[in-house]
Amino acid sequence: MEAEAADAPPGGVESALSCFSFNQDCTSLATGTKAGYKLFSLSSVEQLDQVHGSNEIPDVYIVERLFSSSLVVVVSHTKPRQMNVYHFKKGTEICNYSYSSNILSIRLNRQRLLVCLEESIYIHNIKDMKLLKTLLDIPANPTGLCALSINHSNSYLAYPGSLTSGEIVLYDGNSLKTVCTIAAHEGTLAAITFNASGSKLASASEKGTVIRVFSVPDGQKLYEFRRGMKRYVTISSLVFSMDSQFLCASSNTETVHIFKLEQVTNSRPEEPSTWSGYMGKMFMAATNYLPTQVSDMMHQDRAFATARLNFSGQRNICTLSTIQKLPRLLVASSSGHLYMYNLDPQDGGECVLIKTHSLLGSGTTEENKENDLRPSLPQSYAATVARPSASSASTVPGYSEDGGALRGEVIPEHEFATGPVCLDDENEFPPIILCRGNQKGKTKQS
């Protein structure tokens, strides 16, 4: 989940964040400012370690890290049509690609990299950056709203199917085919997100009062939650916990809501044979005769837990993560702060603020800490083939303007392994087939 801050408050270049995003498994936070970008590790409550920082690219408004790998994707306001992919631990640029209009958002998993423009979406194979598909003539999407499942075995993509209604197009990023269309809301979409396995999709409209969860790939509604009654609420972020038990939503208000996804059952338990039980059963039966909007409201679940922010109106994003073996709610704001809360997974209620970190200072820089936590492994054959030397870089062939990509270097295979034991497994991650010469890549369009 990524957010681009609105107007920075007065106070200098680093007075606020231009953008901020949690990585796919909520173990890292990336921030962008007018001065550059930074990456932070989220392994501790008491200490926020800066993994990397760069001032080489100014005025950053998109920064995305691929899990806990060395790959980071950056877009700057100085070149808003150009995407840059870096290997930050080696201090090298892997590739850069230019597109026909400004880049609004980027999503990535270990299989696909998506570049979203206002009226098109480009789907790349992340391992060699070959353009696989260009979705043209999609409804205008001025905010670049889209979601990509982090489960690379399906790589589902979701994006708005209409500018005026809450229709969602579900697309399979592996088979490159449209799966279904979901009529999620009456109003325009404000947020969409997948759970970790790609089996559920949550959405909210611009009104921001109702959040719905659908099954994937059939698009059936599973849950409906009511965030509140206040109108004109802007949902800033919507995210599942990694185990899909919870769904949290932050907005431009001072409250973050956490909903619990209870087990869906086909039959309701019998009410107790008491007067109150009988009246409850009659009340639920009566909702069948009420107008649809009223009946739906009666069946909507309320928040399981909430967190109070000491601000409102600021751009922010939230996530649910397990840090030091306990569930935590994390909220990053455009003012340059990260708030950490404890979440009670059994009883819910009010989340307790336990730590506030500044994201604007120099912080504790530990460039090699993540490497120290992993066993030392030899470089894979795929990496050796892909990068014979720093001065002799293989390139992806150029594409037309519709294809968007102008040039780039093949990405080392070992960056996409799911864990240390697989980094040099050529059966699971075979060597990259290098693209040489001026041969054009075939571009599929729809």
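Just so it is clear, glycine is given a Cβ too, placed from its N, Cα and C backbone atoms.
What Swiss-Prot says about this one:
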REPEAT    3-42  repeat 'WD 1'
REPEAT    47-88  repeat 'WD 2'
REPEAT    92-126  repeat 'WD 3'
REPEAT    131-173  repeat 'WD 4'
MOTIF     131-136  motif 'Nuclear receptor interaction'
REPEAT    177-216  repeat 'WD 5'
REPEAT    222-261  repeat 'WD 6'
MOTIF     225-228  motif 'L/FRRG motif'
REPEAT    304-343  repeat 'WD 7'
REGION    386-406  region 'Disordered'
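For the repeat 'WD 6' (222-261), the model's pLDDT averages out at 91. With helix defined as DSSP H, G or I and strand as E or B, the repeat 'WD 7' (304-343) counts 0 helix, 26 strand, 14 coil. Per-class residue totals from DSSP over the repeat 'WD 3' (92-126), listed helix then strand then coil: 0 helix, 22 strand, 13 coil. Each residue of the motif 'Nuclear receptor interaction' (131-136) gets a DSSP state, and the totals for helix, strand and coil are 0 helix, 6 strand, 0 coil.
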